[in-house]
Amino acid sequence: MSAPLILGIESTCDETGVALVRGRELLGDVTATSMDEYARFGGIIPEIASRAHLEAFVPTLDAALERAGVGLEEIDAIAVCAGPGLIGSLTVGISAAKALAASLGKPVYGVNHVIGHLAVDELVDGPLPDRFIGLIVSGGHSSILSIRDIATDVVELGGTLDDAAGEAFDKVGRLLGLPYPGGPHVDRRSRAGDREAIRFPRGLAAAKDRERHRYDFSFSGLKTAVARYVESLEGGGREVPVDDICAAFSEAINDSLTAKAVAACLDTGCRTLVIGGGFSANSRLRELAAERCEAAGIALRIPPLRYCTDNGAQIAALGAAAMRAGVEPSPLDFAPDSGMPLDTIVARSR
Ligand code: KG4
Ligand code: ZN
């Protein structure tokens, strides 16, 4: 018997993603985004995002079904992001998922978007190991997780005390006058810069923080250090070396992320590190993680770039993992949860 066919629906932020997954095979996925509408505001406007999901959902669903070569009636279950995310955006995706579930008579899994960033790696690199460390790096999260089963057993070891890595990149991009969202622009500019040119601080690396905050991050002091540096140059009428600042800033963030993730692997005896989330597209993160994992004898898994940003495949992959693990579907009254905790993988009644 072939594995169940899962329809995955993503709508946490600006991307409307729909994907079809059978077992660990991605049959088709299509993503629409309303990001272009926010450049002039310098940030996402939730009401615009909700309306864009409403407009994009049916065409995106139709396109994904066509790409996968399957009909709605063949679907065995529906997975949808239940959180964390923008409440209006989540509501559109969840309403669509519940309507489909009711009309098709199929179960629905309201899954955790952030955990989906790791689950999607199964579609590329095959089954996840029995135990591994997950490093989630996105616009909203920078967290280190200890995972025994992606669908049932996730424990947060630590996370950022203030800004997430992607958020810090976006803020520094803004203060350097780069377009929104700044992350990819800071990354691009950093490649032309000298990462040794400036030494920016590493948060929570001091001896006194090393035990209590062993797996935590703090990036707001770093962002302030960059702001002060730029101010002092501008105040003195000197040129701002954007490429070098981007490179040195990127090095500080990625040094903390990779050092702490590798430490978590070594401390727990996990031999695999999986990195996921929008920020895992960052070129220096990929390079430094590869170097440090190799030196420590740790297998590194990072999904290819197209699965790092939000997409329906991550939701379908986690729905498929939940079914495989025998997890009960969500009750039909589950609600969107803008702050869904990382250890809640499938939504329940509230
Ligand atoms: O996971 P994601 O798509 O959305 C959330 O769930 O938050 O992550 C988006 C974040 C944004 O902050 C974006 O600027 C950042 O990831 N990002 C990057 C890169 N690509 C995306 N940051 C640094 N370098 C990149 N190449
Ligand atoms: Zn995301």
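Backbone N, Cα and C define each Cβ position, glycine as well.
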Task: Per TrEMBL, member of Asp310, Asp333, Asp343 binding Fe cation alongside His113, His117 - done: Asp310
TODO: Please pick, from Asp121, Asp163, Asp170, Asp267, the residue that TrEMBL records in the substrate site together with Ile136, Val137, Ser138, Gly139, Gly140, Gly183, Asp187, Asn282.
DONE: Asp170
Task: Nearest-integer angstrom distance between the alpha carbons (Cα) of His117 (Fe cation binding site) and Ser138 (substrate binding site) - done: 9
Open item on the list: Other residues near the Fe cation site, CB within 8 A of the CB centroid of His113, His117, Asp310?
Closed with: Glu10, Thr12, Cys81, Val114, Gly116, Ser138, Gly276, Gly277, Gly278, Asn311, Gln314, Ile315
TODO: Could you pull the average pLDDT for the domain 'Gcp-like' (25-316)?
DONE: 96
TODO: Indicate whether Ile136 (substrate binding site) is helix, strand or coil by DSSP.
DONE: strand
